[in-house]
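Novice: Below is the structure I would like to discuss, written out as structure tokens.
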Ligand SMILES: Nc1nc2c(ncn2[C@@H]2O[C@H](COP(=O)(O)OP(=O)(O)OP(=O)(O)O)[C@@H](O)[C@H]2O)c(=O)[nH]1
Ligand SMILES: Nc1nc2c(ncn2[C@@H]2O[C@H](COP(=O)(O)OP(=O)(O)OP(=O)(O)O)[C@@H](O)[C@H]2O)c(=O)[nH]1
């Protein structure tokens, strides 16, 4: 499983700045989707040698006793307890503060490994800046500048050092799609799991060896095998499963990572929230095939149903490729449709596309619409081959491809999805520009 680095620190030390630098996608292919809010607190790490996840605990006030701040602190504490590595951020310019000491104490008691990052250190003498922070008892301080990038890459590599290189992620013994049910608290995830498993034959139920492993439950339906990757920390109690703990961001992220297909659940009795969009955005980043299940459809009237449909179109429009089902987990309505979309999405995510056909489709896409000229350059798309699955990656070869605008890439994505009739999966395009053979002669 990918290690999760959790950023902690008092307000204003530069946590979001660090988070943005660590997670900013190089190609901005995913980041600029309309409808995606930018204040997400978890994402895929882009720096460093090994794949990993980053969680920012946000404005963390360990002393608050009630209210929303207290609830945020509770979420932060859960993230700290589940972190593989804590990045404790302090402020070089403000110096050591009493609140830093309180947080250091809390982190030490969590028993999780800690790396101390002294931020805003640009243009300062490292030895002088770090001196006072040894008192925190969190080891040797790393002086960084999140705003300028100094020392950030070294920090990440140090943080990831002790984790093994990721084994081949596709190497799972299970048959059929691996499915994660993701969604914010209380949307009905446990209810759906129980409805699914109540009707069906549970083949195997793996208790994890360690708390870090995901729980996997294999079952059959209509002769087809599925494996559920648990997000809720379910425990078997007699014939039903119940959640042993409340919503955990890190468990959700890891389950999404481990799955082939994500069933994103939203609650029809509530408005689509930022949190729904954040989870959806993370699934997009991860490139997972996706099915949207709008739950509690039984609980709302016709007027509300129309409003929910509009709200999904507005807030989750970047999931245009995904099928939407309106279901009642509690009454078992709409479940067959969800599973049939899971099958389709899985098949699409794993599709094999032959090079000649890919190239033919590419050429017909270019004939319909040529990429715009960029100054002196006219990008030339020559041929395509498949570079991966789940999500399908199409590698396009040609010249001056670095000048292709994002809008054209989107057009190609849609064109390929349609030509190969792939439903329920995102698709990625990668460009490989051929070296100009005459460039070195002169
Ligand atoms: N000089 C300098 N300023 C920085 C650096 N990193 C962040 N800042 C500034 O510090 C301020 C706080 O940064 P944020 O990233 O919002 O801090 P935060 O810890 O996420 O704050 P909360 O969301 O309140 O917890 C902003 O004005 C940043 O521009 C840095 O490396 N150098
Ligand atoms: N009306 C209605 N209520 C539902 C439905 N599905 C779930 N609920 C109710 O919604 C509440 C939350 O359901 P859970 O299955 O515990 O939700 P969860 O997503 O697992 O929650 P966390 O464990 O907090 O992440 C419970 O009171 C359920 O009875 C449904 O289809 N219709």
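Including glycine, each Cβ sits where the backbone N, Cα and C put it.
So TrEMBL has the following annotated:
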- 9-16, 56-60, 119-122: GTP 1 binding site (BINDING)
- 183-190, 230-234, 295-298: GTP 2 binding site (BINDING)
- 3-167: domain 'EngA-type G' (DOMAIN)
- 177-350: domain 'EngA-type G' (DOMAIN)
Novice: What mean pLDDT does the predicted model reach across the domain 'EngA-type G' (177-350)?
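Specialist: Averaged over the domain 'EngA-type G' (177-350), the predicted model reaches a pLDDT of 84.
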Novice: Does any of 15, 57, 189 have a Cβ within less than 6 Å of an atom of ligand 2? These are the binding-site residues; tell me which, or none.
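Specialist: From 15, 57, 189, counting a Cβ under 6 Å from ligand 2 as near, the near ones are 189.
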Novice: Which of the three DSSP-derived classes (helix, strand, coil) applies to residue 189 (GTP 2 binding site)?
Specialist: helix
Novice: Take the C-alpha atoms of residue 9 (GTP 1 binding site) and residue 297 (GTP 2 binding site) and report the distance between them in angstrom, rounded.
Specialist: 41
Novice: How big is the Cα-to-Cα gap, in Å, between residue 189 (GTP 2 binding site) and residue 57 (GTP 1 binding site)?
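Specialist: Residue 57 (GTP 1 binding site) has its Cα 24 Å from the Cα of residue 189 (GTP 2 binding site).
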Novice: At the Cα level, what's the spacing in Å between residue 121 (GTP 1 binding site) and residue 183 (GTP 2 binding site), rounded?
Specialist: 39
Novice: Give me the Cα-Cα distance between residue 12 (GTP 1 binding site) and residue 186 (GTP 2 binding site), rounded to a whole Å.
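Specialist: Computed Cα spacing between residue 12 (GTP 1 binding site) and residue 186 (GTP 2 binding site) is 31 Å.
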Novice: Cβ under 6 Å from an atom of ligand 1: which of these binding-site residues qualify? The list is 12, 15, 186.
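Specialist: Correct list: 12, 15.
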Novice: May I ask for the distance between residue 57 (GTP 1 binding site) and residue 297 (GTP 2 binding site), taken between their Cα atoms and rounded to an integer number of Å?
Specialist: 33
Novice: About how far apart, in whole Å, are the alpha carbons (Cα) of residue 183 (GTP 2 binding site) and residue 15 (GTP 1 binding site)?
Specialist: 25
Novice: Run through the Cβ atoms and count how many others sit within 10 Å of the one on residue 9 (GTP 1 binding site).
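Specialist: Result for residue 9 (GTP 1 binding site): 25 neighbouring Cβ atoms inside 10 Å.
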Novice: At the level of the C-alpha atoms, what whole-angstrom distance separates residue 297 (GTP 2 binding site) and residue 15 (GTP 1 binding site)?
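Specialist: Here the two Cα atoms are 39 Å apart.
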Novice: Take the Cβ of residue 183 (GTP 2 binding site) and count every other Cβ within 10 Å, whichever protein chain it belongs to.
Specialist: 26
